[in-house]
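Undergrad: A single structure is presented below for examination.
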Amino acid sequence: MDLPQLYCQNLERLLADYTPTRLVVAFSGGLDSTVLLDLTCQYAAQHQLPVIAFHINHNLSPNAKQWQNHCQRLAIQLGCDFVAKQVEVKSTGKGVEEAARAKRYQAFEVFLEATDVLLLGHHLQDQLETLLFRFCRSSGVSGLAGMPNSRMIGKARLFRPLLEYTKTDLLHYAEQHQLIWVEDESNKTLDFSRNFLRHEILPKLECHWPNLYRQLIGTKEHCQDAASILEDMAQLDYQAAQVSPPAHWSKGLLVQPLSCQQLLQLSSPRRHNLIRYWLKRVDINITRPLLLEVENSLLMAAEDAMPTIVVGSGDGFGALRCFQDGLFFLPESLARWLPTTQQVEWGWQKHETIDLVGNGQLFCYQSGGEVSAAKLKGKTLKVAYREQLNIDKFAIPGRQGRKTLKRWFQEYQIPPWLRERWPLLVVGSELVAIPGLLVNQAFACEDGELSLSFQWELFSPLVR
Ligand SMILES: Nc1ncnc2c1ncn2[C@@H]1O[C@H](COP(=O)(O)OP(=O)(O)OP(=O)(O)O)[C@@H](O)[C@H]1O
């Protein structure tokens, strides 16, 4: 059977469980995606499906505009729609190529509708490069399972229908059909590690082990099975170890905390597996040395030691901390924040929303609350933060004794990272209320009086 027939069969098998309304081909204009587009147009003609050639212009090369024009011409020639998207690539700690890849996938995600299928031109050699590359960078089993031929991308589905074909297969096809493609000179210069593997290492390995491709694919498949079992196990452990914190603890969190007790009951490899799985939910890859640090210094730490471990880098970054029985992942927005005092001009309307620069919003409602409107009349209300104030001990309605702010926070079991950013309503240096938590007895409303209530909402509700 020739390549177009095999390709059509392969795509049919991959799409069996989907009824896409559009086939979106990620089209760089290089050899692989040119073959991909040509073959996909043949498939689409048989199935009356629209094809979109989607080109990302990274503007990294002086030839970028010419490539884009070339891609557009070819798309028109093949009778499909063409969309080009410009992205701005800034090199992060992981290099230009990685930054370009991240931008590319972001752009795909934004463009795709739920019923679209995205097709990428990766082939067998790309798969082997990926495996070797990950092997050299101490990847785990899921990394060594290689690139999947199908996965979700945002709301849509991504496929790699050329993964079983070699570069030589694609080259033969392109030559036979007189396809024209562009040679991205950055392939030779930008991604040094990959190019080193591609040009220096793989040819030597192939020379020594003629069956190398098949062998490595065998290893990949073993790893795929193992990764799938580890994922199943992590899911079970995750269900058992999730802690549902009180609503006021979850402010700003992206992922539920894990129970330290449950984690400590697991074997060390299972614990590692669960923590990796948990952090993957927020796109953080944790290194093995950091995993050991979490185990040795965080989970074992004394209650009052409060160590913090910074995880991730570049785009994904955050901190791990323990509080009571919870191991928390604090996203960057929670982990790094400096308070600024804000003088609030209160309009005394029925409902007001005040933007707390980088710290969510404060809502004020007239009625249903515990703060007396009369006792605030004529006074200037301010929003401030704990470290800017020197507040005396105070009492709260229905509770015995006067206590410091710290003691009240402790009594209400507020995690330390929230104590410093919880907005405080003050008049002069006197505390009026901690929104959503408590009110100072001196400002509490009496029966039948006009009352005010305050609520603080921090962005990023707990979503995963
Ligand atoms: N600029 C781009 N615009 C759209 N899709 C892209 C772009 N760059 C890469 N892709 C998609 O990702 C696939 C893999 O890209 P990668 O950079 O790993 O390989 P490549 O050698 O550049 O591929 P190609 O030979 O198609 O250019 C490509 O085959 C293509 O489907």
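A Cβ is built for glycine as well, from the same backbone N, Cα and C atoms used for every other residue.
Okay, these came from TrEMBL:
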type	residues	note
BINDING	S28, G29, G30, L31, D32, S33	ATP binding site
DOMAIN	383-456	domain 'Lysidine-tRNA(Ile) synthetase C-terminal'
Undergrad: Taking 10 A as the limit, how many CB atoms besides its own sit near the CB of G29 (ATP binding site)?
TA: 24
Undergrad: For the ATP site given as S28, G29, G30, L31, D32, S33, which other residues of the same chain have their Cβ within 8 Å of the site's Cβ centre?
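TA: Here the non-site neighbours turn out to be F27, T34, V35, L36, G121, W181, V182, D184.
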Undergrad: Identify, among the binding-site residues S28, L31, D32, S33, the residue whose Cβ has the fewest other Cβ atoms within 10 Å in this structure.
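TA: Ranked by other Cβ atoms within 10 Å, the binding-site residues S28, L31, D32, S33 bottom out at L31.
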Undergrad: Three-state secondary structure of D32 (ATP binding site) from DSSP?
TA: helix
